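Worksheet for the structure shown next.
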There are 2 protein chains.
Amino acid sequence: MDTTGVIVEYNPFHNGHLHQINQIRAQYPDTTIVAIMSGQFLQRGIPAALDKESRTRQALQSGVDLMIELPVAFSVQPADLFAKGAIKLLSGMKITRLVFGAEHPKLDFKSIAVKIQNIDGDFDQFNETYASQYQQAVFDNTGIHIDEPNDLLGLAYAEACLSEKAEIQLCPIQRIGAGYHETIFDDSQEIASATAIRLAIKNQESIENVVPSQTKIDSENEKWIDWYDFWPYLKYQLSLLTPEQLSTFYGMSEGIEYRLLQQYEKLPEDASFDDWVHAVKSKRVTYTKISRLATYILLKINKNEIDKQYKQPYYHVLGFSKRGQSLLNYLKKEVPYPILTKISKKDKEGLYSLDYRAGIIYGLVSHKKSDLFRHPVQIN
Amino acid sequence: MDTTGVIVEYNPFHNGHLHQINQIRAQYPDTTIVAIMSGQFLQRGIPAALDKESRTRQALQSGVDLMIELPVAFSVQPADLFAKGAIKLLSGMKITRLVFGAEHPKLDFKSIAVKIQNIDGDFDQFNETYASQYQQAVFDNTGIHIDEPNDLLGLAYAEACLSEKAEIQLCPIQRIGAGYHETIFDDSQEIASATAIRLAIKNQESIENVVPSQTKIDSENEKWIDWYDFWPYLKYQLSLLTPEQLSTFYGMSEGIEYRLLQQYEKLPEDASFDDWVHAVKSKRVTYTKISRLATYILLKINKNEIDKQYKQPYYHVLGFSKRGQSLLNYLKKEVPYPILTKISKKDKEGLYSLDYRAGIIYGLVSHKKSDLFRHPVQIN
């Protein structure tokens, strides 16, 4: 069975994503497209603007066949662990190929990955971020500068394929239209970055030209969510936790828990999430790293929980088309990890507990139902 | 030194309270009036409508001389423990008398208290509330029906005086104007119940006739707070805590933690605090009891913390007049427990930690500063 994987966030699903799906469909007319998508909390430590069910519907209507949730233990992570989680799932499905956008799709990501296998990642420059030291090490080992976000993610996929012994063909394709960090777009554009689209929604500007209709409908009818909405809950946590308690949370190291609390205490009463992150930020600790730590605090994720999750992956099915359903039936006998199509009470307290909790907390703001007994989205 | 104590909540300070202060002043022109007031969370398990600093200012401007905070460990409690905490503090100050409003001020509360000393309080009728069984036991021992809220509180003061060996003269005075449970008032009234006043504010009706000017000013300029504002935080707790975790909180007994969580899980996503309390309520477990448990959950108060607080009382000074200041200076050498006029970092983490936390959580909604380094309110 020919299957094509994509690793996505769809925050929200826009014309750039549609373009990618159309390219895949044009090149492999009979392939089944499987998307592994972050659920309610995303790679850069932010809540999804729309809930995973809405984003699944947007994607299925645009040609994705099967949508699998990337568990929160993998989704709110730096590129290497994010990639490792997603590749582990795709590899278990014996996916034919992985298609991903890259700034430089001609790079041979797999052979670069082989050349940098010796990088141990224990960088000791305490006034530099992990990312910049990693990029320097890649250059030192290969003579190639890789410093754009999608190229770096592509390299992370290649490294994950190596470490997971995943036999997946990597198919980088040229990213078009909008840079990842671009925050504006004009009437002439049909493609804008997700960041720019989220900003436009916030500013009540039209996104009609740059998203498929379902995304537009959802953006009008659903609550549009960001850290602003979760800040009260995070403040509640930051107000009550001691550094000792905070140190048991996932991701806390080098005494960062003290800095998180100290900077919080110094803020004025009406400070925002951004104010807090900016106060904590340093040369060594990036905005994104702090946002991820904030997510772990919000979701009360402790160290053991993530380790446990890496040892017990599963496929939580968010939605499928007819073609996706056939693949799903086939996979049921083939995959090494459990497939969850509907979350049971047992799943909720066991295997799926961490994602269930993330859904419950997201639901405090979205007012959507929890994952318990929720049906996957189905389209014909 | 002639001193008169009152035990109050002032939620908010209204003409009924003013009338009481004026009566005291008329009868004892040279007395110093000391009020022991619940801080940010009150006896019936509700947040104060206005913060303690505002309520202190209202009271000092109306004739109270010294305002002491009743620690949250004592304030959010059934009548017996509430009374015990307040009497312990007043007794430590060697107060001359306690004045309190009663529906039947002619009752001899102290001798009734002596007659019911044998009631052990371990009532075993599981389909009746504690309160109704207690009232029955009082009747069985004395032949007197006591079933109105202020009479019952008066009896609790008398019992606390006995158990604390406090030599305080009890001076009940007739409550006038409005019943405790009355929820409306009209233009002809100068006195309304605090409940009715809070409801009027909520409905944006005038309270001008029934409160002193400072209360009116505060009601216009300050955020008016109720459980609605804290419900998101409580939901966050109820969403994340297991019954085992909840069972370590103060006040949990007879498996109530299961019921609190089960009823929460069954609620629709847009349910209110009231919906939840009504769902939990039973013949045995009253609205007020559930509201108190909700407060303990919100403030994350565990069993040890309250016990510790009962063994380590203190006087946190919220404000004083000139006369109050003289009393304070005198008391500094006399009282058996520490006097805190300004909360230090050491107090915040030690003696005062529970009230500090209550203040911090209240501040999430009021956006007022924490107690740390806060000066008492002073008037001339």
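First residue shown is number 1, and so on along the chain.
Cβ coordinates come from backbone N, Cα and C, glycine included.
Listed features, source TrEMBL:
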BINDING   A:7-20, A:GLY101, A:ASN150, A:175-176  ATP binding site
A:GLY16 (ATP binding site), number of other Cβ atoms within 10 Å: 20
Residues satisfying Cβ distance under 8 Å from A:PHE13 (ATP binding site), sequence separation of at least 6: A:ARG55, A:GLN58, A:ALA59, A:SER62, A:VAL211, A:PRO212, A:GLN214, A:THR215
A:PHE13 (ATP binding site) - helix vs strand vs coil (DSSP): coil
Cβ-Cβ neighbours of A:TYR10 (ATP binding site) (radius 10 Å): 26
